[in-house]
Amino acid sequence: MGVGHSSLSSCSVDSLCITAFIAQPKTSSFSNSNRQKPLFLTKKQSPFAVLKIGTLNCARVAGEMEIEKGIAAAGKPIVDRHGIDDGLIQKIVYDALVWSSLHGLVVGDRNDQRSGKLPGVGMVHAPIALLPTSFPESHWKQACELAPIFNELIDRVSLDGKFLQDSLARTKKVDAFTSRLLDIHSKILEMNKKEEIRLGLHRSDYMLDEKTKLLLQIEFNTISSSFAGLGSLVTDLHRTLLNDYGEDLGLDSKRIPGNTATGQFAEALAKAWTEYNNPRAVAMIVVQTEERNMYDQHWLCTVLKERYNVRTIRKTLAEIDSEGQLLPDGTFLVGGQAVAVVYFRAGYAPTDYPSESEWRARLLMEQSSAIKCPSISYHLAGTKKIQQELAKPNVLERFLESKEDIAKLQKCFAGLWSLVDSDITKKAIEKPELFVMKPQREGGGNNFYGDDVKETLLRLQKEGSEEDAAYILMQRIFPAVSPTFLIRDGVCHKDHAISELGVYSAYLRNKESVIMNDQCGYLMRTKVSSSNEGGVAAGFAVLDSIYLT
């Protein structure tokens with residue numbers, strides 16, 4: 001759920017399956033003419049000397065300066081990142097690339113056709129920020145505090161089948177993908193099937209609005225909340241670099257908070273597997289046919305096996321349809337193996353369902369007793385429309401009793417509106433730069449900005465159809481712009497960027513017993529400020545970590 005200047009979202013982000021990032025065309029907004037040049041260039045050829053930094057809005061620059069003054073007054077170190085010596089930067093870049101290679105901070109290389117199919121073939125370092133991005137400690141603590149509250153909210157929303165069906169009823173008429181998901185959900189409701197063991201591996205994404213200094217939510221991901229594996233590694237990388245170069249840079253590695261996302265996600269999966277109570281059963285990862293972000297997933301599976309002795313299998317939806325079998329008692333077999341937990345890293349986008357085979361597989365899994373992460377109800381609870389509905393007055397009270405918790409959630413809600421609100425629609429046409437228009441999709445690259453918002457709204461009004469139900473309008477968030485270094489394909493780019501903080505969380509309940517409800521590490525994503533969209537896998541952002549100020 002959420003809103004933003006852009007959606008740096010993963011999928012829910014496995015659209016944040018870094019596949020799309022690696023397939024990014026050379027004309028990307030954060031490419032430059034030096035993209036194919038070697039890391040070490042002569043001083044005359046240095047990309048830092050010739051890179052042209054885009055002109056920034058004066059008001060935004062002034063705002064950034066005020067922020068820096070405030071932090072400096074508080075005694076925190078402020079580093080002029082673009083003033084760092086080029087020679088020192090090149091040394092740090094070299095060490096970062098070596099570390100990434102040795103520690104598995106890698107993705108599939110788009111230049112090798114087998115990289116998304118065969119592990120160990122065609123690997124390249126993940127797109128990363130060279131140094132961590134500054135972030136206020138108070139807002140970091142706020143984001144962590146919100147995690148268990150959002151977990152509880154989503155769980156309760158998922159149990160209210162009428163709310164989900166009613167809220168998405170208009171969307172169902174015009175959005176074929178959402179309609180198919182709702183059909184599955186209806187079948188499960190008709191069966192009166194109870195999901196006694198419910199598991200959610202979530203990520204709530206935020207941006208810090210420069211003008212209001214408020215932490216505002218972009219969205220809440222309930223399916224395929226990716227990069228727990230690689231995100232944890234970026235934190236380790238930045239800590240290592242600051243241990244080695246912190247004195248030269250004026251930065252302290254202790255200001256980077258620890259990131260245990262991989263271990264805690266694995267712990268949640270292992271606990272769910274234990275609750276299922278079949279030691280012979282496996283955990284199944286639902287994957288796309290070509291997955292260049294497989295190493296992020298394999299990190300999680302490796303920890304699951306080595307720490308908890310839980311075996312995993314990887315299957316596409318088509319393979320599940322072919323090999324899956326539902327026994328009379330609800331046991332779900334795939335290839336003859338009982339499945340305790342189904343962990344979706346695919347299934348969030350229409351492209352994941354190219355035929356009826358994939359839809360049959362999804363329904364079969366929902367009908368089984370296997371623990372789904374997410375279940376169809378959790379999946380629907382994370383849609384943009386439900387996010388918008390929850391932001392309406394007095395709706396949170398339907399699901400939460402604590403007035404304090406409700407107030408904390410409402411404080412991070414940005415403006416969210418249905419297109420049936422004529423006043424807001426009129427304002428969005430007049431000032432489209434203040435809004436983001438979002439469809440019911442995950443993974444980045446789907447949103448409308450600027451003139452596209454205006455043109456789409458005018459088209460919908462002219463046609464007079466109900467297609468407007470497929471979208472929501474969101475307030476556009478404008479975070480502070482800061483200088484940074486982005487590394488992609490072994491080349492370091494100097495630019496100005498904005499960042500988005502994602503906080504992971506895990507929720508596990510068996511009947512009325514809450515077994516786990518924790519904040520589980522974080523993901524920082526950074527992109528050049530000139531880009532609207534922001535998904536890593538969608539090709540717009542790099543992985544980053546935070547430096548508390």
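Just so it is clear, glycine is given a Cβ too, placed from its N, Cα and C backbone atoms.
All annotation found in TrEMBL is predicted automatically rather than curated by experts.
What TrEMBL annotates here:
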{"type": "BINDING", "residues": "R203, 223-226, 291-293, Q297, 345-348, R525, 536-537", "note": "substrate binding site"}
{"type": "BINDING", "residues": "E219, N221, E442", "note": "Mg(2+) binding site"}
{"type": "BINDING", "residues": "E219, K384, 438-447, Y449, 474-477, E500, K527, E533", "note": "ATP binding site"}
{"type": "DOMAIN", "residues": "282-381", "note": "domain 'Glutathione synthase substrate-binding'"}
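Residues in the domain 'Glutathione synthase substrate-binding' (282-381) partition by DSSP class (helix H, G, I; strand E, B; coil) as 43 helix, 26 strand, 31 coil. The shortest Cα-Cα distance between R292 (substrate binding site) and any of the binding-site residues E219, R476, K527 is the one to K527. The least crowded of the binding-site residues N221, S224, S226, judged by other CB atoms within 10 A of its own CB, is N221. Each of the binding-site residues Y348, Y449 was scored by the number of other CB atoms within 10 Å of its CB, and the largest score is that of Y348. Using a 10 Å Cβ-Cβ cutoff, R292 (substrate binding site) registers 27 neighbours.
Rounded to a whole value, the Cα-Cα separation of E219 (Mg(2+) binding site) and R203 (substrate binding site) is 8 Å. Only R203, from the binding-site residues R203, Q297, P439, R476, K527, place their Cα within 10 Å of the Cα belonging to N221 (Mg(2+) binding site). Considering other CB atoms within 10 Å as the measure, the emptiest surroundings among the binding-site residues R203, Q297, P439, K527 are those of P439. Separation of the C-alpha atoms of R476 (ATP binding site) and R203 (substrate binding site): 20 Å, rounded to the nearest whole number. Taken together, the residues of the domain 'Glutathione synthase substrate-binding' (282-381) have an average pLDDT of 97. A Cα-Cα distance of 13 Å separates P439 (ATP binding site) from Y348 (substrate binding site). The Cβ neighbour count for R476 (ATP binding site), using a 10 Å radius over every protein chain in view, is 25. Looking at K527 (ATP binding site) and R203 (substrate binding site), their Cα atoms lie 19 Å from each other.
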